[in-house]
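Worksheet for the structure shown next.
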Amino acid sequence: MNPHALSILLSSLAVGTITTLSSSHWFLAWAGLEINTLAIIPLMTKMHHPRATESATKYFLTQAAASALILFSTITNAWATGEWTIITMNDNTSTFMLTIALAIKLGIAPFHLWLPDVMQGLSLTTCLILATWQKLAPMSLMIMTGHQLNTNLLITMAVLSTVVGGWGGLNQTQMRKMMAYSSIAHLGWMTLILSFSPNLTTLNLMIYLMLTSSMFLMMTTLNSTNINKLSTSWLKTPLLASSMMITLMALGGLPPTSGFLPKWLILQEMTKQHLGAVSTLMAMSALLSLFFYLRLSYAISLTTTPNTSNSNMTWRMTNNQMQILPTMITLTTMMLPMTPTLLAMLN
């Protein structure tokens with residue numbers, strides 16, 4: 001892609017998200033979401049492949065429907081209450097429609113079916129943007145309106161998302177689809193705690209962005225799009241392969257990695273709210289996700305592929321394009337001792 005066009009598109013992505021994050025008026029927030037959607041469509045189709053075109057079309061139709069529903073819910077609210085401010089969604093019908101619209105935007109179950117298909121047709125870099133940056137604007141709107149949304153609906157969607165995210169990733173061989181189901185499961189944890197502690201939702205979002213970014217950057221460096229390609233990574237870069245294994249354990253929520261922190265705090269808060277059955281169900285569904293993360297870890301570290309690489313000494317070759325990767329890997333594994341500091345910053 002032309003560097004000038006790429007810079008304009010990335011700038012538009014940033015402008016759209018910042019507009020939504022900084023707005024207090026619904027129409028401005030909606031405009032930011034639209035800019036965001038329109039800016040990523042050309043990035044999706046830059047591969048000039050029918051699969052990429054299909055993904056871009058599915059994404060556009062889904063996001064357009066969600067944006068229309070957001071606009072409809074805010075107009076209904078303004079008609080009922082006379083308010084356009086984001087924090088004054090007092091009409092029950094409007095808040096119900098808004099919850100569904102934001103769930104479609106984010107890919108929360110049962111409105112998740114577009115996400116794995118769309119991510120499978122994209123390049124790894126565009127998948128990284130879709131799984132991280134594109135979640136910021138809708139999730140910020142969800143956090144701002146969280147105290148007015150229907151708690152029972154949020155809990156139902158959260159439990160469904162974690163179960164679907166764990167169950168859907170079990171039988172996959174494609175890395176991008178696995179990361180899509182991983183994203184659905186993590187969004188379920190964020191949605192669950194939204195009504196009770198928005199600060200924990202923010203903390204979970206930060207850690208999710210960090211873990212997913214480091215995972216996609218490592219996949220891009222190793223050029224791994226399925227499990228077979230992943231199994232050759234140990235021959236190329238043993239250090240990066242072992243780091244990927246640790247990142248997968250963090251995504252699964254195993255201590256002492258950073259991924260354990262939000263799950264621990266969320267389950268603790270849900271127990272305080274006397275929702276023991278929901279907490280148990282969430283913890284059990286997290287085991288489903290952990291299973292396919294362990295499966296990937298096994299493929300990376302404990303199997304040797306019968307196919308040797310054609311190039312000589314690939315593991316000795318240096319890659320200077322990912323200077324941020326060591327920092328991301330360190331944060332992936334070392335944030336658990338910083339728990340009191342993070343909680344103090346959020347409170």
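Cβ atoms are placed via backbone N, Cα and C, with glycine included.
Range 179-197 is the one annotated as transmembrane segment, of 27-45, 179-197 (source: TrEMBL).
Fewer than three CB pairs closer than 8 A are found between the transmembrane segment (179-197) and the transmembrane segment (324-346), and contact between the two stretches is not assigned (pairs 6 or more residues apart). For the transmembrane segment (234-254), the partner stretch with the most Cβ pairs below 8 Å, chosen from 149-167, 274-294, 324-346, is 274-294. Only residues 6 or more beyond the boundaries of the transmembrane segment (274-294), in the same chain, are considered here, and those with a CB under 8 A from a CB of the stretch are 155, 158-159, 162-163, 165-167, 169-170, 172, 178, 181-182, 185, 188-189, 192, 248-249, 251-254, 263, 266-267. Listed by sequence, the residues of this chain that lie at least six past the ends of the transmembrane segment (56-75) yet keep a Cβ under 8 A from its Cβ atoms are 26-27, 30, 33-34, 37, 40-41, 44-45, 84, 89, 93-95, 97-98, 100-102, 104-105, 114, 117-118, 121, 130.
Remote same-chain residues near the transmembrane segment (203-222) are listed as 124-125, 127-128, 131-132, 135-136, 139, 175, 179, 182-183, 186, 189-190, 193, 229-230, 233, 236-237, 240-241, 243-244, 247-248, 250-251, 258-259, 261-262, 265-266, 319, 321-322, 324-325, 328-329, 331-332, 335, 342-343, 346 (criterion: CB distance under 8 Å, separation of at least six residues from the stretch ends).
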